[in-house]
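Annotated features in Swiss-Prot:
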LIPID     G2  N-myristoyl glycine
BINDING   G39, S40, G41, K42, D43, T44, R164  ATP binding site
REGION    59-97  region 'NMP'
BINDING   S95, L96, V97, G126, F127, P128, R129, Q133, R220, R231  AMP binding site
REGION    165-214  region 'LID'
Amino acid sequence: MGSCYSRKNKVSTISLDEEEKKKEKKKKKKIYILNGASGSGKDTQCRLLEKKYNYKIICISKLLKEYKEEYNKENVLNEEENYFDEIEKCMIDGSLVNDQIVIEIFHKQLNKYINDDKYNGIIINGFPRNYEQALLIIQNNISITKFINIQVGKDTLWTRINNRIIDPITNISYNENIIQIIKKKREGQELSDKEQKQLIIDNHLYNNLSNDILERLTKRKDDEEQVFNKRFQLYIESEQKINSLFKNICKNVDGEKSINDIFDQICSIIDDNPN
C-alpha cells in the first residue's frame, strides 16, 4: 500500500513539475518587434527567422483578418461587438482601423500565441506604425524583448521597391532582377558570372519557385515613386517618436547589406537574449 501511495505521489510531483515548466516557458517567451520602412526587407527576414527559430510572425493586417474569422458577434465580449463593423469597413474602403481597436485585438491575439507551446517566441512585423500605437503598447504593459530597427537609406529603399514584384496569391515579394535571371536560366540561356553569383546568394529564397508562380508575379499598384515618397516621409516622422519609447531596448541593423548579412545581424541580437 505504501508503494502504491509513493508511486501516485511521484506521478503527481512530475505532473506539477511539467506544469511549472510550461508556465516558466510561457513567462520567458521572447517578443521582438521588427521595424523598418517599406522596402527594408522585413517580410523576407521574418520568413527566415520563422524557419530558424520556430517563432510566430505577427502582422497586423493578417491579425485583424484572423480575428474576424475566428470570432463572431455572438462569442465576443459586448464591448467588442463594434470591432467587426469597423474592421469590415476599413477592409472595404482601405482606411485605417482605430488604434485602440487595433491594440485591443493585438493584445488578445498576442496572449493566445504567448500561451501556445507550439511557438518558441514571437516576432511582430512592422508594428507599431505610429506613436499612438507605440504608446498603447507601453501602457498595456506588453513586454518587448528587443526593438530591432532595420536601417536603410531612401535611395536604396526606392531601388528595391522599384525592382519589387509580388505573388498576388501569397503576397510574397521578390526581386524582379533575380526573377529575370531565373527565367533566363530555365530557358537555357547562358548566365554571366555576376548572375550566377546572385543566384547562389539568394538561392534559399528562390529555388522552389514553380513556373506557375513565376508567370503570375506582378508589380504592386502602389509601388510608384510619388506614393513611396509620401510613405517614406510619414515613416521618418513616426520613427523618431516611436524609437524614443523603445530607446532602452532598440537595436539597429544595417539594412544596406545583403539578405544573409542582415539575417546574421538579427540572429546575433536574438541569440544574445536566450530563453
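Cβ from N, Cα, C; glycine included.
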CB contacts for R220 (AMP binding site) [other CB atoms within 10 A, all chains]: 14
Residues of the region 'LID' (165-214) by DSSP state, where helix covers H, G and I: 28 helix, 5 strand, 17 coil
Overall pLDDT for the region 'LID' (165-214), taken as the rounded mean: 88
Least buried by Cβ count (within 10 Å) of the binding-site residues D43, S95: S95
Site of maximum Cβ density within 10 Å, from binding-site residues S40, T44: S40
ATP site, defined by G39, S40, G41, K42, D43, T44, R164: further same-chain residues with Cβ within 8 Å of the Cβ centre: G36, S38, Q45, R160, S173
Among K42, R129, R164, which are binding-site residues, the residue with the most C-beta atoms within 10 angstroms of its C-beta: K42
Between R129 (AMP binding site) and G39 (ATP binding site): CA-CA distance (Å): 15
Residue among binding-site residues S95, V97, F127, R129, R220 with Cα closest to the Cα of K42 (ATP binding site): F127
F127 (AMP binding site) versus S40 (ATP binding site) - Cα distance in angstrom: 14
